[in-house]
Amino acid sequence: MESSRFYFFVFAIAILASPALSDLLLSKVDRRIYLTSHIVRISSTLKVENAGPEMVSEVLLAFPEQQAKNMAYLMATPHEGKGKVKNPVVALPVEVANPKDMPPALTFFSVSLPKGLAEGGSFTFDVLAVFTHALRPIPEQITQADIQLVLYQDSAYYLSPYAVKAQSLTVKLPDSRIESYTKLENTKIHGSEIKYGPYENLPAFSYSPIAVHFESNQPFAVAQELVREIEISHWGNVQITEHYKLIHGGAQSKGEFSRLDFQARPNVRGASAFRYLVANLPPRAHSVYYRDEIGNISTSHLRGDSKKTELLIEPRYPMFGGWRTAFTIGYGLPLQDFLYESEGKRFLNITYSSPMVELVIDTLIVKVVLPEGSSDISVAAPFHVEQWQETKISHLDIDGRPVIVLKKTNVVPEHNQYFQVYYRFNKLSMLREPLMLISGFFFFFVACIVYMRADISISKSSASYLAKHQWEEVQAVIQQVQNIISRCLAIHDKLEASLRDLYRTGDIQACKAARKAADSVLKELSRELKPLLTTLQSSPSAAQILPKVEELVAKERELQEKVMVKHSTVVDGYEKKSGARDIENRVALQQQKLTALRQEVDDLLEFIDEI
Amino acid sequence: MATMPILPNMPALDLIKSFKLKTKQQELLIRVSILCLVYILAFITRLFSVLRYESMIHEFDPYFNYRTTLYLTQNGFYDFWNWFDYESWYPLGRIVGGTLYPGLMVTAALIYRILHFLRFAVHIREVCVLTAPFFASNTTLVAYFFGKEIWDTGAGLVAAILIAICPGYISRSVAGSYDNEGVAIFALLFTFYLFVKAVNTGSLAWSLASAFGYFYMVSAWGGYVFIINLIPLYVLVLLITGRYSMRLYVAYNCMYVLGMLLAMQIRFVGFQHVQSGEHMAAMGVFFLLQVFYFLDWVKHMLSDTKLFQAFLRITVTCAVAVGAIALGLGMLSGYISPWTGRFYSLLDPTYAKDHIPIIASVSEHQPTAWSSFMFDFHILLFLFPAGLYFCFKRLSDATIFIVMYGLTSMYFAGVMVRLILVATPAVCLVSAIAVSATVKNLTVLLRSKNKGVQTGSTKGSSSSKASSKALLDQSQPFQKNGAIALLFGAFYLLSKYATHCTWVTSEAYSSPSIVLAARGAHGSRVIFDDYREAYFWLRQNTPPDAKVMSWWDYGYQITAMGNRTVIVDNNTWNNTHIATVGRAMSSYEDEAIEIMRSLDVDYVLVVFGGVTGYSSDDINKFLWMVRIGGGVFPVIKEPDYLVNGEYRVDKGAAPKMLNCLMYKLCYYRFGEMLTEYGKPPGYDRARGVEIGNKDIKLEHLEEAFTTSNWIVRIYKVKPPNNRW
């Protein structure tokens, strides 16, 4: 019934249409309709001729409203004959046109020709139109075992405001299983191709509806929404995160889903389902992840070479008609592949759309997150996009990063073109975040130091506080005492060393000099020790430790005396030129006592240290 | 004396000497660095699952906690507090704010806020996953201070190390195990530490701190009941042993009164502190303490002992009588509620089995096997009695506390598997005392010996035990070697403990249980991610208001991951509702459909391990459904599902078993499936039998989804047939 209405509507156009717009005519039209995936591509080669006297620089293309609504992409390029070296083609500018006296049910686009066509001149160009949602599943609901049949409707004749001299149409199908198709004169079927035409000398607005009903088990992957976030870090990474909301846009599945059948014969019981998607990521993509709201999805495979990185992802479950899924993929790209500098500005040059193969995107939102402190931002996109700015607060940001949001509806793989974001960014701003971290830690440590050193007691007169204070003083004094004692011990060592020198060299004078120096220093030290001991004696909190300290001092003094005695004995012995053995014998007993004393002093020192 | 070698580089030595720290500073440095290392170790040893799988929430309950935390961070505290959850317990719903312990969620949300304030834009999931390890690290610090308080710094350090890797604690605090216990053990130990500190110092500040610690514990976990019973018991023991002091009086009164008032602020706890039987012990001890204090005062005032004895008799009789009458009246009037079933089952392990099948059905409520003690404590099990010995040898208020904590919690750990967790800190502390005391004694022995050898005979300069030393001197070589051998033995045991803990953590406690992993034929790791596959399917491909019926185990996960309404979930507060589901599962299909229609069920979810050999599936849980269903609806009788008291699913199974809903849903079309080479179709790998009913037809339900390994099967309830 839908199609009959369509018939009627086309018929109405044909009646209402004014005869011809200008004196242009299409001398040859070749149309090829590719129905091999769920994205319908119509590629037409048009040869226009100017039959009138005026110069013409624009050609109108007409599409019925039905088709125009689904049109995602339209591009016209000058036709190049076969065999020529393919130069980079420059697309002809295409605009929406609203010519007068035209039926309202048609949408027009005007193609500007590179140079005006004079009388009799001709020009050949290609038009590629891409449509989404143009295949309608019939029946609309199928079971797991059914195959998916879809219907495509168009006209056998090229719908044009100009008369067409000669034309032909080829419809390419995914395979040769065709349920039904409209048979007109000159219809040929050849494998998976249906050919209509050639038809000759048809007036403007000729229309002859055709419908092809065929089997298509291609993945009808439709992303209802895709949010793509491109985050630039000047530390060398472009991080891309893509959030997909996916649906199988084909015939709805009904009835049971049997895993048993699906596992046993997936191609028969589940032919219309798709199990995986392929994404062609840029080369050198790294840290790829694939997850959804509830965690990582472990079914994905990554293959990479120098040209591209291929990511094959399987949704958590096979996608039957009408089933939905949502997931996120993310990957990092090296910055130098995408960020360039020109005229003091930096610009990001990256593809706009999703890397997924044959994916229709109903709404695509691209967010470009620039580093904090970027300014003077502008965007250059190859097609019209809605755009606005946001800010995003990420790690260690103070006032957020500027985000450029670009929104476009009805996106097909043909939109995967490069776009540019220009901005200014000072390299020094890169250091902001590390400096923040460093200063954060610095202040933390400073706070710790202040806390450890500062006296934050509230009541300075409380007993416990005073006791603690006194104890600290005592400790400081004991520290000093220990210092002095250890210096004394060091001097003893020096004396011993001088004795050893004496054994070796026999230089009595040097030994005596050392003795003299030691004497004076020791005297000095004992003078220093005296006030310390009196403070300790006067302090009540030192009462516990005082005996030990006093013992230490006494022992040290004893040790000192013994060392002196030994020293004098040895020096005397040398002066009297006694034999070494003799001296040693005399010293031996002293030496034993010395060692014992030294041990005791060390023990005491250790003991005091442990308090 | 012989010529000593002269050191050639004296200046360099001096330089080193000037940098050399004093012994005390060295000790501090070593202590702080050990603590830092232990802190880090406690955190990273819990990250196995994050590294091996991903940063994800584990198990069942944590999913509810995660969902509520998400709600809290998104909607703010007041919305969270007043949240009425329509997605669970359909059609009853659940008042979430009033039926949970909010401590965990508030903590995680607070950490999240702080991190965001410091501009770390982390996801709340990461915070939730890492909350438990973070608190485990903090617990090690508390253990250190606690050990220091009850013994010395050495014991504190050992306790910190032991608790950092003790499997009994790790089992509930690995990354991703976002459960109340994760923060509660920290709160528990912290409260105990503060209380012991308060008792030791008699300081009002410490007991105030312990009241707040208790408040945090109450807000975090139902296990606070343990604190509110253990502390009064401890006070009672101190009173009986004649260790009553002013310090104790201050500590307990402040802690009890303030703690009680603070705890009443938690809605789930409410007035239980004055109304429930479980909390009455604390109140009784509180009054007893007042009486004691009063008597003490009277004794002080009266110099005549005889008069005092008489007075004592009268007062005690009166006090006991008044207390008993008050308690009796309270019980009779219903003002004081009797003990709950869970509490009873702690005191009498067989209680739950006979009276409350729903408690008995949970595996973690089972009595503990010896092997799991060994598994969770390893050498601590042997060190524990040794530590008790040391504690008794040096009895003080603090050691009495740790002894009581250790003994009571060990008893509870024996009653219920999950309470091993509560016993772990006590076991670690007591064992740490044993280790520290032993090692200290041995090293003292060794060091004094070394000196003795060097200096010859030093006549007891600082040693107090001259006699013992003389004894040691006699058997010198043997003693020294023995000490060395013992030290090596201790070192060997402790290193064994460390390896055991790491192994257990890695092998047993670090699997998220929602993702199953197995070894493939070629040694590669195979992941069964069926749960998430099913939940995500539910989330994406069912109407947003669909109601899903499943056994209660999966309720939290379905609401959190599937975002769909469930009939029953892991918050098993309504036994009748669960029994209704159990009844539906164990009825014939046409009876079950009536129940399901009355509950508005749209989908039924069952877990089935027959294909993969996953044994904790619904068929193995089925008898509990029968029992719980039969407990409320006598129509369901357990013997109908058994043959000669045996539970089987093969040809010899009971006819009711072969045709009940659960059997049909699990085995629907399974009879056509070849699971294992050389076995007939329909061979159930989980139970190792060929199933008894291979020709299953469903009348009112249809298969909606089955995951790739058949672990989760979802059925759709068909709409009623048109009458015409």
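For all residues, glycine too, the Cβ spot is worked out from N, Cα and C.
Annotations in TrEMBL come from automatic prediction, not curation.
The transmembrane segment annotation in TrEMBL covers B:28-48 (among others).
The annotation domain 'Oligosaccharyl transferase STT3 N-terminal' is assigned in TrEMBL to B:32-430. Per-residue confidence over the domain 'Oligosaccharyl transferase STT3 N-terminal' (B:32-430) averages out at a pLDDT of 91.
Distant neighbours of the transmembrane segment (B:95-115): 65, 68-69, 72-73, 77, 80-85, 122, 124, 127-128, 131, 134, 178-180, 182-184, 187, 216-222, 266-268, 571, 573; these residues of the same chain sit at least 6 beyond its ends, with a Cβ under 8 Å from one of its Cβ atoms. Look at TrEMBL and you will find B:95-115 (among others) tagged as transmembrane segment.
The transmembrane segment feature in TrEMBL is assigned to B:127-147 (among others).
Feature annotation from TrEMBL assigns transmembrane segment to B:153-171 (among others). Outside the transmembrane segment (B:153-171), and at least 6 residues removed from its termini, the chain residues within Cβ reach (under 8 Å) are 31, 34-35, 38-39, 41-42, 45-46, 136-137, 139-141, 143-147, 185, 375-378, 380, 420-421, 423-425, 427-429, 431-433, 435-437, 439-440, 497-498, 500-502, 504-505, 508-509.
The transmembrane segment annotation in TrEMBL covers B:183-208 (among others).
Annotation comment: TrEMBL describes B:214-237 (among others) as transmembrane segment. Through the fold, the transmembrane segment (B:214-237) approaches residues 101-104, 106-107, 180-181, 183-184, 187-188, 190-192, 195, 248, 252, 255-256, 259, 262-263, 265-266, 269, 273, 278-279, 281-282, 284-286, 288-289, 343, 400-401, 404-405, 408-409, 412, 422 of its own chain, all at least 6 residues removed from its boundaries and within a Cβ separation under 8 Å.
The transmembrane segment annotation in TrEMBL covers B:249-268 (among others).
For B:280-298 (among others), the entry in TrEMBL reads transmembrane segment.
When Cβ-Cβ distances below 8 Å are used as the criterion, the transmembrane segment (B:310-336) is approached by residues 275-277, 280, 284, 287-288, 291, 294-295, 298, 302 of the same chain, each at least six residues removed from its ends. Look at TrEMBL and you will find B:310-336 (among others) tagged as transmembrane segment.
Outside the transmembrane segment (B:373-391), and at least 6 residues removed from its termini, the chain residues within Cβ reach (under 8 Å) are 162, 166-168, 171, 399-400, 402-403, 406-407, 410, 413, 420, 424, 427-435, 437-438, 493-494, 496-497, 500-501, 504, 508. Positions annotated as transmembrane segment by TrEMBL: B:373-391 (among others).
Look at TrEMBL and you will find B:398-414 (among others) tagged as transmembrane segment.
As annotated by TrEMBL, domain 'STT3/PglB/AglB core' applies to B:547-605.
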Could you give the number of helix, strand and coil residues in the domain 'STT3/PglB/AglB core' (B:547-605) as assigned by DSSP?
33 helix, 9 strand, 17 coil
